[in-house]
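Taken from TrEMBL, the feature AMP binding site covers H526, N527, W528, R529, H530, D567, D677, Q730. Residues or ranges marked as active site, proton donor by TrEMBL: H526. According to TrEMBL, the feature Zn(2+) 1 binding site maps to H530, H566, D567, D677. According to TrEMBL, the Zn(2+) 2 binding site annotation covers D567. The region 'Disordered' annotation in TrEMBL covers 834-910. Under the heading compositional bias 'Basic and acidic residues', TrEMBL lists 861-875, 897-910.
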Amino acid sequence: MNFNDQNLASRYALIVHNCAATRTIPAQVRSRSPSSSAQRQLDEADLFMDLIKDVANELDIDVLCHKILVNVCLLTSADRGSLFLAKGTPPNRYLQAKLFDVTRDTDLYDALSIARTQEIRIPFGVGVAGLAAQTKHPINIKNAYADPRFNSEIDARTGYKTELILCMPICNCEGDVVGVAQIINKTDGSKEFSARDVEVFRRYLTFCGIGIQNAQLFESSVLEYKRNQILLALARSIFEEQSNLECLVTKIMTEARELLKCERCAVFILDTDHCESSHLERIVQRPGGRPSGTPALPPPAPTRFHTLFELAAKHSRTTLTPRHDIKSTLACIALAVARSNKALNISDVDEWRKENNMVISDPTTDDAVNVRTMLCMPIVNANKDVIGVAQLINKENGSQFTDGDISIFEAFAIFCGLGIHNTQMYENACKLMAKQKVALECLSYHATASAEDTKKLCDDVIPSAEIYNLYSYKFHDFDLSDEDTCRATLRMFLQCNLVEKFHIPYEVLCRWILSVKKNYRPVKYHNWRHALNVAQTMFAMLKTGKMERFMSDLEILGLLVACLCHDLDHRGTNNAFQTKTESPLAILYSTSTMEHHHFDQCVMILNSESNNIFQALSPCDYKDVMRVVETAILSTDLAMYFKKKSKFLELVENGEFDWQSQEKKELLCGMMMTACDVSAIAKPWEVQHKVAKLVADEFFDQGDLEKLQLNQQPIAMMDREKKDELPQMQVGFIDMICLPLYKVLSDTFPWIQPLYTGTMENRQRWQDLAEKVEMGLTWIDHDTIDKPIEEFTASNEAIKDVELTVTTLNCTRPVSDSSNMALVKPIKTSFHSLRRGKTSNLSSRPTRSKLTRSLYAAPSSREERERTVREEKPATEVASQTNKASKHKGRSSQSSTDKRDRVKPSKSTD
C-alpha cells in the first residue's frame, strides 16, 4: 500500500535530514535522488526497510536509541517520543529513561544531556510505561488526562499538554523485555493513534529490540575489554610498586575513578596492630606465664584506621584520620563497611546519616557536605581479613552507582587488597631483615671469643703433635682439658704449615678457634669435642694415611675448617626432628637442614670481626676454599653419603687412581668427611663404648622430646625403653655404613687400614654384647658388661639352686656387700649352648625380671631361698639342662681382663 506523494516526499526529506544529523545515511537512501519519479516509486516497504537498515548496524546504544525515536516519530507522525531501557533483576526490575521527550528535530547530544540530568526510574507495573513492560502489551490512550494511569506531573513542569499516548514494549529474540518506547500526540491532526500506527510501531520495534540487544552486548564487551586492560595494568602496578604503599594506592584509585566516572576516591587502611597498646600488652605479658584475668593495660580500641588516601579530580593527599572521629561521615561509613565486610551502595548520604542517627553539629567541618552518592567496598587480603575500605564518591552524571559499577569495583578492591597486602608484607620483610641484621650483630659480638681468652691462647706454648697423639687413629680427648683441645687444634694447623702458606694472622686463628668452640652447644655428643675428634681423624688421614698427596694445600685448609665447623650450633636433634616440629630451620632448608645451618654458622663466624682466617686469600682462592668447606659440611649428611656412595664405589672398582678432577675430588672429600664423622666406631673399645653411651644418651633425649612435644613413639634407637637393643643396632650401623666405607677406602688407600681393622674389632665386641643382651644383660647400665656377673664370686658358699638362674641375669641395681647376700660361683659355660633353642623362656623379659629379683633379694634364711627357687621353678627347669656344664670353681683373684675373657661367648658347639 502506497503513501500519497506529498506525505511520502515530506517523510523522505525528514529521514534524510535525520540520517545526516546522526552521521549515518542508509545506503539505499543516499543512492537515490529525491526526484519526483523516485518519490513516486518509493513505497512503504522500501521506506520501512531503509529505516531498519539504518539501525541494524548501529552498535552505539546512544545513537541507536536516538535513531529509533526519530524514525518512529516519522513513521507514525508522532510529535515526540521517549525510550526506556529495562534494568535490574526480577522481581526488582525497573525502567530507566535513556532518552526523554525527543522530537524529530532534537539533536543527539542535547537529548543525552537532558536524560542524564533528569534521571527517571519507573518500576515494572507502575504508570503507563511500567504496565506496558510488565504485561508486554501495547497501551494506546486517546485521552491522557482521563486515564488514571497517566501522571501529569511532567506536563505541569514543562508546560506541555499530553493528549495521545502509544506505549509499546521492546522485546529481544528470547521474548524478554529490554525496554519500552513511548510516543505522544500526532502531528497530522489525528485524534488518535490508528491501528495502522500501532502495527507499524510494533513491527519496527521488533527489529529495534534485536538492535538494542546487540548494542548492549557490544557495549558490555567494550566495557569488559577496558576492564581487563585496566586490571592487567593494575596487576603490573602491584608488582612494580611494592615498596611504596601511597604510590600503589594512588595508581589504583586513579584507574578506578577514570573507569567508573566518579568525582572522588578514598582508601582507608585499617589499623591491624591496634597501635601501641597491644604491643605494650605483649611486652608486659610474662614469658611462659598464663595471661592474667585482669589486663595490665586497657583493652585495644575497636576497629579503626590509621591512614587515609584521598584522590579528587585535581589533587590527591594522604592524611592520618583520628582514631575515634565520630564527626567524620566518610570514616563512619568506612567503619560500618569494615565491621560488616559487605559492600554498601548509598544513593543518599544524608538519608544514611538519618537512618544511623548520626548528627552533624557543624556542617562546615563535615567531610561529606557535597557527597550525594557513594559506593563503599571492603578491601581484604589473601586470608580474607579486612585490611581497608575503598570509597567511590559521586558519579559524574549524578546518578547512583549501578550493579555494573559494583562488579567492576569489586575487582578493583581485590587488586587493591593484593597490592596493599604485598606492600605491607614487603615492609614487614624489610623490618625483619633489619631485625635480623641487628640480631646477627649481637650474635656476632657474643659468639666471638673474648680478647683475654684470645691473648692467653696466643701466648701459650703449643705442644707437639706427638704429645697429643695427633698422628694416631686411636686418639681420644678424654684426658684433654678445654684449653688443650684448642692447643691441639692449633697444632694441626701449624703442623700442616697452613698458617705460613696462607698468611693467616696467628691471633685471628686463635680467636677463630675459640669462637668455633664457643658456638658449639653443650649437648652430650655433637659438641666441640666431637668436632675436635673429627678434625684429628682428618689430620691423621692426611698425614698418617698419606691422603695429603691427593689434596692441594687449599683443600687441606678447607677440609680441616669443615671438620671443625661441621656440627656448629647442633641442638642434639636430627634433621627428621626439625621437620616434624616444623622448626624455623626446617622452613629455611628443606634438605640437609642441620648441615646447611652448620655451614651458615661457619660463614657467620668467618664474617665476624677479626675472625676471618681466609682474609689473605685472593678472591679466586677464597671462592674455592668456601666451596670445599660447603661441600664437605653438606657431605656429613648421611643422606648425601648414600647418594654418592654408589658412584664412588664405581670409580674404585674401575681402578680409578687420578682423583684430581673437581667432581672426583668432591666425591673423595665427601667419603673422607663421612669416614671422619663416624670414626669413633674405629677407636679402641674403651673409647668406643664410652662414646656410644654419649650418642645413645643424646638420642634418648630426642626420643623423650618426641614423646612429650609430638606425642609420637620414637624409633628404636631413640627410645629409652629399648636401650637394650642398641648393641644390635650398633652392629647394623657398622654393617650398613662404616664397614663398606672403610673397606673401600682401605683397599684403595692402604694407609687407612687401621680404621677398617678397629671397626671390625668393635663390631665383634658389639656382637658379643648383643648376644649377652639376649641373655638378659643390660649393656648401658654399667661401664663394663661383666661387672654384674663377677660380683657374685666373692663367697665360697655353694648355692646349688642359684646356679640355675644366673645364666639370665639382668642387673637392675648395685649389689650390696651384706653378709647374708646369696652369692654365685662364676660360670664358664658357653653362651651359645643357651641360645640354641634351649633357653627360649629365659630370653623373655618377665622371666628375667623374676630371676634378677630372686638373686638380689638376699633371702634371710635357707627356707626362704628354697621357697624362692620353687617359685622360679619354670625357669630353673629350663636352665637345669646346663647344670653339669656350669659347675666350676671360681677364680676371684684373676684380673678384670681375664674376667671379660671368661664371660665372652666361646666358639664351642653344643
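Any Cβ shown, glycine's included, is placed from N, Cα and C.
When the binding-site residues D567, D677 are compared by the number of other CB atoms within 10 angstroms of each CB, D677 has the fewest. With a 10 A radius on its CB, H526 (AMP binding site) counts 24 other CB atoms from all the protein chains. In sequence order, A692, W766, A770 make up the list of same-chain residues 6 or more apart from Q730 (AMP binding site) whose Cβ falls under 8 Å from its Cβ. Neighbour density for H530 (AMP binding site): within 10 A of its CB lie 22 other CB atoms from the protein chains shown.
Candidate binding-site residues: R529, H566. Fewest other C-beta atoms within 10 angstroms, R529. Distance noted between the C-alpha atoms of H566 (Zn(2+) 1 binding site) and N527 (AMP binding site) is 10 Å. Around W528 (AMP binding site), taking its Cβ as the centre, 23 other Cβ atoms fall within 10 Å, counting all chains. Take the mean position of the Cβ atoms of H530, H566, D567, D677, the recorded Zn(2+) 1 site; other residues of that chain with a Cβ within 8 Å of it are H526, A531, V534, C563, H570, T636. The maximal spread of the AMP binding site, taken as the longest Cα to Cα distance among H526, N527, W528, R529, H530, D567, D677, Q730, is 23 Å.
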